[in-house]
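Noted in TrEMBL for the protein shown:
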type     : residues  : note
TRANSMEM : B:6-32    : transmembrane segment
TRANSMEM : B:53-71   : transmembrane segment
TRANSMEM : B:77-98   : transmembrane segment
TRANSMEM : B:110-135 : transmembrane segment
TRANSMEM : B:155-178 : transmembrane segment
TRANSMEM : B:199-218 : transmembrane segment
TRANSMEM : B:230-249 : transmembrane segment
TRANSMEM : B:261-281 : transmembrane segment
TRANSMEM : B:301-323 : transmembrane segment
Amino acid sequence: MDEFMAARMQMAVSLGFHIVFACIGMVMPWFMFVAEWKWLRTKNPVYLDLAKAWAKGVAIFFAVGAVSGTVLSFELGMLWPTFMEHAGPIFGMPFSWEGTAFFVEAIALGLFLYGWKRLNKWVHLYTGMVVGISGVLSGIFVVSANAWMNAPSGFDWVNGQAINIDPVKAMFNKAWFSQAHHMTIAAFSATGFAVAGVHAVLYMKNKLEIHAKAITIALAFASVAAILQPLSGDLAAKNVAELQPAKLAAFESHFETQEKAPLIIGGIPDVENREVKYAIKLPGFLSFLAHGDFNAEVKGLEEFPEEEWPPIPITHYSFQLMVGIGMFLMLIAALFFAGTYKWKHWFEQKWWLRMLAIATPLGFIAVEAGWIVTEVGRQPWIIYGIMKTKDSLTPMPGIQYTFYTITAVYAILTFVVIWLLSRQIKLLQSKYLQNG
Amino acid sequence: MAEANLIILVICLLLYVILGGADFGGGILELLSRGKASKIVSRAIAPVWEANHVWLILVVVILFVGFPSVYSTILTALHIPVLLVLIGIIMRGSAFTFRQYDIEEEPTKAIYSAIFRFSSVFTTFFLGVTVGGLILGEISMNYQLGFYAVYIHPWLNWFSVSMGLFVVLLFAFLAGIFTVSEIEDKDYIIYFTRMTKRLLIALVVMGSIVFATAKLAGHSLLKDFINSSISVTCIVLATLALPAFWYFLNKNKGNWLRLTAGFQTILLVTGWFAIQFPVLVKTNSGHDITIQAAKAPHQTQFYLLIALVVGVLIIFPAMGYLYKTFKFSEEPES
């Protein structure tokens, strides 16, 4: 592996790791908030136990999310100093707001986790809500900064220098809105299905009320998100079609510019022969997806010099995976709503619980795939159309070793977190079974 | 404008040194103490530790938004010690949380504790080494000079290593103050008072070693300190505060103790900034990076300042409320 690849892989591993924790950290406080609120309303102690159990999960995920986020703020400069030197003053504003939001989140979480006895119960509930709100806000700010890399604005690039910098325009770049809502909804969907799935597995073993309640709360959030996601995805796709046509073409392995462009589902892209084998093609649907018109022309990869093509197979597969999972999760969401209103007995059925169990990791796989689509799809650019990724690499040799070290640390951490959570769950389970 | 942002950066750095330092030091103190004493330390820092660490993120953000070339130069030349700090931060933060939230069971708890304590020392040491590398001014921007000259030499030298040890002692000392003023049990107050005193003595000794190694390395640290009126004032005030500090420590006056210790730390950092000013990164080629050269354009500085001021207005009351709520520690609920 060469230096450049090692640096990119390190970035991918660090971001891929952080994203999972960040999503859970911004969404689970909402579940915990709802559980506590339900407890205050109904006085059913099961809700209190649920809120406390979830709070432990939040604490673990938040802490690991916080340290991995701190690492990222350094890694950007350690791996891509040239990029940060130019981009920092332009796209830094959302990061400074994110700092505040994250700070508020950490303070509110400290109050929430340790304040069960010390705070008035409504104040306590309120701190939980503050954690949720500031978490979502900090997520939006970070995504807005990333969006700038896809749709750079708020400066003029003259002779390799940025002049006339306008940080506000950079923050509210053309991609920020479509990326921010898509990501926020994805976080709710992924975390909701993951939490519901874990409780579904437990419910299959022991039909405890706490798990049933947990599934309902988590799925309520997840289902709304899963139903909204295709709409959000459509907006996002149109945005990409407008701003980064090469990226859209790579999603779909769409080589030739054509009208009534077909939507390509599945298949194996053959970059050399510029075709996709074994794919289902729906004529006109890509045109519709990209431009809202079945007859519209969609730019193919041929319009761009080959050295500016993003890696096509990985982008293509990731995109297909993301959309496929999104569809499946939408199906579960539809069943959930149908069941809630009409066929309540479903929810006791094995097939339903199994379906939820299968969905446990899917949302996060889709989130990872989505980020691969965004980030790998932007290559070879680190600032789209302005600066190439390879031109911003640190001069320090031996990045491979940094990459191996960081990867090993994160691998161990992932393993420990999973192990830790399973121990927590077992403890909760045995406590409930003893009490009957 | 850039100056205002720089001042906020220094304040964040100070708060990180004092609050985050007390927190890092908690791990070091745990390593030095036995049995129940180490539990007392961790209980004192549990509710506030996450918030303490956000100061570092603010420092980094202000650097890359407001002074981007400082950020990229430091992270290129000091890549290796910074990486070690980061690994330490990951291990430490995770181990602390895992210990807090894993079910009560040995020997896992003991493993988390060991990782937490060891990585507290490790992280703090390399933080100090990194700062030492910055002060010494051996940073080279001529990347053709070879791996050793550019990426090793600036931080692997006696001065940086003694700075590392100095910061370890400083943080342990700050944690000692924090713990002493936080606990109520008489026996442990005596225990930690004694430990804090020893740490203070060690700190003063280490401080003179730092100056000595600076001289050995050909750096005029002591002379610069004496030549700058601000630095001299800082040193004099810090020394004058020592007897007062000793008195408060003996009388166990919690709040006064924190104030004087915080005050001394502020003086220490301010003294360093005063001799550095207006240079932000010293290099060995004579092309030092000054505020003037590093500062981002006016528009950026302006919006950064707005974000920081609004942030401060939100954060400080919230932080105050957090500290007020947990002023007296209690067993966290499981």
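Note that Cβ sites are derived from N, Cα and C of the backbone, with glycine treated the same way.
Whatever TrEMBL says is automated annotation, not expert-curated.
Under 8 Å from some Cβ of the transmembrane segment (B:199-218) lie the Cβ atoms of residues 135-136, 157-159, 161-163, 165-166, 169-170, 172-173, 176, 245, all in the same chain and six or more residues away from its ends. If you look at the transmembrane segment (B:230-249), the same-chain residues 6 or more away from its ends with a CB under 8 A from one of its CBs are 180, 193, 196-197, 200, 224, 256-257, 260-261, 263-264, 267-268, 270-272, 274-275. Segment contact is absent for the transmembrane segment (B:53-71) and the transmembrane segment (B:110-135), given fewer than three CB pairs below 8 angstroms at sequence separation of 6 or more. Pairs of Cβ atoms less than 8 Å apart link the transmembrane segment (B:155-178) most often to B:110-135, out of B:6-32, B:77-98, B:110-135, B:261-281. Residues 38, 41-42, 44-45, 48-49, 52-53, 55-56, 58-59, 62-63, 66-67, 92, 96, 113, 116-121, 123-124, 127, 168, 170-179, 192, 195, 262, 265-266, 269-270, 273, 291, 305, 308, 312 of the same chain lie 6 or more positions beyond the ends of the transmembrane segment (B:6-32) yet place their CB under 8 Å from a CB of it. When Cβ-Cβ distances below 8 Å are used as the criterion, the transmembrane segment (B:261-281) is approached by residues 10, 13-14, 17-18, 21, 67, 70, 73-74, 134-135, 139, 170, 173-174, 177, 221, 224-225, 227-228, 230-231, 234-235, 237-238, 241-242, 245, 288-292, 294 of the same chain, each at least six residues removed from its ends.
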